[in-house]
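One structure is given below, encoded as structure tokens.
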Amino acid sequence: MPQIERRLGLLFAVFVGALAIAALKAGYMTVIKGGGLSAVASSQQVTVRKVPARRGSIVDRQGTPLATSEPADDISATPYLIKDPVKVADKLAPILGTEPATLARQLARRDTGFVYLKRQVPATTSEKVRALKLEGIDLTPGHLRSYPRGMLASQVIGAVGTDGNGLFGLEYSREKQLRGTDGEQRLVFDGARQAINVRDVRPTKAGDAVRLTIDAEIQSQTEQVLQGVGETYKAKGATAIVMDPRDGSVLALANWPRINANDPGSATAEALQDKAVGLTYEPGSTFKPFTVAGALEEGAVTPKTSFNLPPTITMYDRTIGESHDRGWATLDTAGILAQSSNVGTIFIGRRLGARRFDHWVHRFGFGRKTGVDLPGEEQGLVIPYEKYSGVSMGNLPIGQGLLVTPMQMMAAYAAIANGGVLHRPRVVEEVNGRRVAGDKGTRIISEQTAAHIRRMLEGVLAPGGTASEVSIPGYKLAGKTGTANKIDPATGEYSKERYVASFVGMAPARHPELLVAVIVDEPQGAIYGGEVAAPAFGKIAAFALPYLRISPN
Amino acid sequence: MARVAARASASAPAVVQPDRAARSRRAPEGTPLIYVVMCLLAGGAVMVYSASSGTTVVQGGDGMGFLTKYVVYAALGFVAMHWIARTPLDRVLRMTGPLLAVSMALLFAVKVPGLGVSVNGAQRWLGAGPLQFQPSEIAKLALVLYAARFLAERPRGLRTIKDLLPLGIVVISSVGLVLLQPDLGTALVIIFTMGAMLVAAGVPWPWIWTLGGCGAFLVSLYSLSAPYRRARLTTFLNPWDHAADAGFQSVQGQIAIGSGGVVGRGLGQSVQKIFYLPEAHTDFILAIIGEELGLLGIFGLIVLYGAFAWAGLRIAQQAKGRYAALLAGGLTSLVLCQASLNLFAVLGLAPLTGVPLPFISYGSTNLVVLLAATGLLINVARGGSVHLRAVTQGPDAQRSTADADDLRDRRRGDSRARGAGARGGRRAAG
């Protein structure tokens, strides 16, 4: 049957032709259009999601949490996906605690494809939003930073912004370690938007925990005491540092006024400053021990060296007297320090000589940053020897004409307290369980000189000293008061109203294990360090000494 | 036996002959066709499982559900195939009339409220539960059987196009009923298959063009008659403009095939099958094959259909007698038309009509009917024939049918009109 065979052959040709066309189209779709279609497939199937790393916590030296992160979500909306803004708003409002009307207005916006409804909603709350499964409402996972102790050490710890970046304090300076590494997840969704495959493209690495040398209890006590001082004297600001002088570990670092780390936005820029490292002031009398230490170390004087002192001393155009007028007096080196004699200290400075004095100022670490691991540290201002004027040696030995920070004073005093070794102060004890090595320290004066100075400083709190009212039963204390005029920015002259009252004290005096500085900026009513700052030292030390189980001997 | 040898020598090399003759008494597994169908079924089982399990498991069901049903229906189809392959063709011929009547009745029943089951807005099903079936699938087979008988009975009786009227009436009424369901896909498969059979039967080309023109006109009219069908047409022209609604399935199918690339994502790795692509395990299973097995998988499938066409039409060419040849050609065309329509629709070469991929897609009635058709093809391959001429050709019946066909055909090659006139006239009288 040739014809039927021919016709069947023709049918075969037609079918093969049709199949060939199909094969060609399939080839075209997979080879030529394959890339584009794959891209479309990915865009509807695959989402690459950032998995935010949990920020490392900050704890005190006992492990008490000071800053922690908990899972939280940013809740956002894609307004054009929301059919009924009012209904959605009614559902969300009670969960988010927002006015339904406000929410509805946000949801009804047509000028944007993205609007945050509420950020950093704790997971327990956001879970309720997730459960509603509302179209157009998205949850972006993140963390909420919270500060369980609220205002405690806020300026030290700092705070993070809504994007999770450290804004100031340790949160800022330790950002790299605290932040960790955000992970990346590749999710494949099915047509019902359920993830059917989750793959970690980049693993999430949680931030390192940071353990401080700060002790929350001492910090808390210090802050309370400082608040008392600040409020009593209506000061502009105040700062106090508590340190273990043996290695420079900071046990407490308080600033007044306090700020709430959970709401840093409400604080003024001035209040946010960590004055312990950011405040520069003329140290006044608290500087005198360094002049004396230099002179002792150089052998220019001995503790017993006696000076016949006039009531005042005039250098060029300036006459320097004592804080409380007196007649001629004979004082030995120890007496000069105990009574904080300006004239006497200038005499000792003269014996030392300007060039050697300048050497000792730098030797004690003034004029440069201490290197403490806190951000925003100032270096103060020390004029170089070449620029000394005729009156310089009338100012500098008594702590005028140079600017220091409280932390510089603490480091220098710690050297006197620990027997002559200058340490870099430290605030961070451990990062991620690994101890942050402190420095070995630099010996700057002999143990003997340091002991001499401490003995002299005991006199400050002894009867007849400038802080004789302060005592702690059982403990021998040593310290130095300071009352410095501030320079009036308007006139460039020393102000008669603005002072910085300060006190640096240590205990037990013979082998100090505790060093405390209290600096009060512009106290009102009283100005003397012995009156304003020394009692605060007494209160702080009275708490800290037994708390740290430091024995009187 | 001699008859077979003589007939076969005219069309196939003599070397093949003894082999084929011997094989004709053996099991139907002897033909290449059965291997092709087995390959298709194996692939179908794997792909139905792959395409359906993900979704059903996610929905909390049994991932094996569709696979189990596919295997059960395939087994049912095998039984039918085996039985039909061994049934004498004249019994098949006798059953053609009743089968056509029953299928027509069933097509009517589908439209009877309460009897027909509606799925996705179309009333195509009868029965309930696992016994549910699609009468239009049975009608497809019945029509091929009827057309083969009609065209074989009057090879010379078709003097004018009007002689095709009885066949026309049966086909048009069946197609009409199918279109009413509505099921354009099955209707098109029937129309194309009938066209292929007319071509195979040697109907003059002018008639075929005329009928083809009429058919195309009616189908276009039908396609434009309902808004959703018009939408399908516009969607076909640019599915990406309607990716969210009317073009969704088409677009998702193209995404699946495109993202599969040349080698595919790997068996079982399709993402599109989980709630993106509707009908992933039935009409759009090709897209999942493309996504998981890539262009190579699609090529493999196409090669299998090509092999089916080759094997089926070879059976037709070597069939004993005109009826057997037309039957084999018609059944092969049925499978190939359905396959092409599905391939074209999924690949975006034709509008969506909703036709399952033969042997691969999950579709109970279709699978059983196609396996039954395969049984008929095997029957023909084994030498099954009907002595139509024993009744109609009087004295000629003593001679071999094959010889008569050969003689006639040779003569008709020289002078068609005369041959057709003489024989057709005589048989019509008888």
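Heads up, the Cβ atoms here are built off N, Cα and C, so glycines get one too.
Residues or ranges marked as compositional bias 'Basic and acidic residues' in TrEMBL: B:405-417. Per TrEMBL, region 'Disordered' is recorded for B:393-430. Annotation comment: TrEMBL describes B:33-52, B:64-85, B:97-119, B:164-180, B:186-203, B:293-313, B:325-347, B:359-380 as transmembrane segment.
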Contact between the transmembrane segment (B:64-85) and the transmembrane segment (B:359-380) (3 or more Cβ pairs under 8 Å, separation 6+): yes
Folded-back contacts onto the transmembrane segment (B:325-347), same chain, C-beta under 8 angstroms, at least six residues removed: 89, 140-141, 144-145, 147-148, 151-152, 185, 188-189, 192-193, 196-197, 200-201, 253, 257, 283-284, 286-287, 302, 305, 308-309, 312-313, 315-317, 319, 353-358, 361, 370, 373-374, 376-377, 380-381
Candidate ranges B:33-52, B:97-119, B:293-313 - greatest C-beta contact count to the transmembrane segment (B:164-180) (under 8 angstroms): B:97-119
Spatial neighbours of the transmembrane segment (B:293-313) far in sequence, C-beta under 8 Å, 6+ residues away: 31-33, 36-37, 39-40, 43, 257, 260-265, 267, 286, 328-329, 331-332, 335-336, 339, 343, 357-358, 360, 377
Cβ-Cβ under 8 Å with the transmembrane segment (B:97-119): same-chain residues at least 6 beyond its ends: 125-128, 132, 135-136, 138-139, 141-143, 145-146, 170, 173-174, 177-178, 180-181
